[in-house]
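What follows is one structure encoded as structure tokens, with my remarks underneath.
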């Protein structure tokens, strides 16, 4: 999409998803790991489900990107230039802080840093410098699967592939529940825990570009059914809400959410996601130790990480991304 007809609701969705994850970590997760020294004014125990929203958005964006790519190189450059500059900055910053001034039970090594810089630490069973990187393994494998379909000219067969992929996901779920082992590498390579979310994103894109059809609705309802089968009541409720929001957005029913602060938040959402957890935890922990109320500490951590994310996005991520794309044309 050109800048003039950019689907800005998607940017808002990104921003809200990132913010929900951040607030979950600063309230609920921090309490679980370190415990707040004073009661917090609010708690977001469901905020981690923002990652579900990210995966739906990713399905939408990746299918859109591949439809516009002429070659595997175009796609690879597009994705790698998007992912790595901000990621490297986040890893180096988080490692430096954690190495020089670690939190309780935080132990980092230089060999761990080197592996983490590849973004492939999960595949080598190396602990992540920051736990939020877990979702990147699923994202990367989704990219690989989609690139394979692109290279083999199978994207045009997505209407046939999607139900098979969903069936594989449900089958894996029942096998695991029956204590039948499905190797983790197979689960991640074929994205079998989150297949339904990525496929939903693909079909929301197809709905937006091609118009509504009964088959698209059936696939989307099948994706929702997969969540109802494999998820709990809360995750299913939020997943349903995400589907409704997407359906409204692609039918131009959410134009009112396209506000500049939310669009800006979406523009730094990836970087914010990468930097917020351990850096934010360190800020909250230090301020709590010095007597500040937890709610104030959370707000200071949030503001600081927003500034860090904005700085990385403006001065590292975007310039390097544009340079890579310019010199690889």
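From the backbone N, Cα and C atoms, a Cβ is placed for every residue, glycine too.
Residue ranges 69-85, 86-102 are listed, and TrEMBL annotates 86-102 among them as transmembrane segment. The transmembrane segment annotation in TrEMBL falls on one of the ranges 12-28, 29-45, namely 12-28. Ranking 12-28, 48-66, 133-152, 158-176, 217-250 by CB pairs under 8 A with the transmembrane segment (188-205) puts 48-66 at the top. Averaged over the domain 'Acyltransferase 3' (8-310), the predicted model reaches a pLDDT of 98. Touching of the transmembrane segment (291-312) and the transmembrane segment (86-102) is concluded from the presence of at least three CB pairs under 8 A, sequence neighbours closer than 6 excluded.
Between the transmembrane segment (158-176) and the listed ranges 12-28, 86-102, 133-152, 217-250, 262-285, the one holding the most Cβ pairs under 8 Å is 217-250. Sequence-distant contacts of the transmembrane segment (48-66), counting only residues of its own chain at least 6 positions beyond either end whose CB sits under 8 Å from a CB of the stretch, comprise 1, 10, 13-14, 16-21, 24-25, 29, 75, 78-79, 135, 138-139, 142-143, 146-147, 150, 155, 158, 194, 197-202, 204-206, 209, 234-235, 238-239, 242-243, 246, 273.
In terms of C-beta pairs under 8 Å, the stretch of 86-102, 133-152, 217-250, 262-285 lying closest in packing to the transmembrane segment (12-28) is 262-285.
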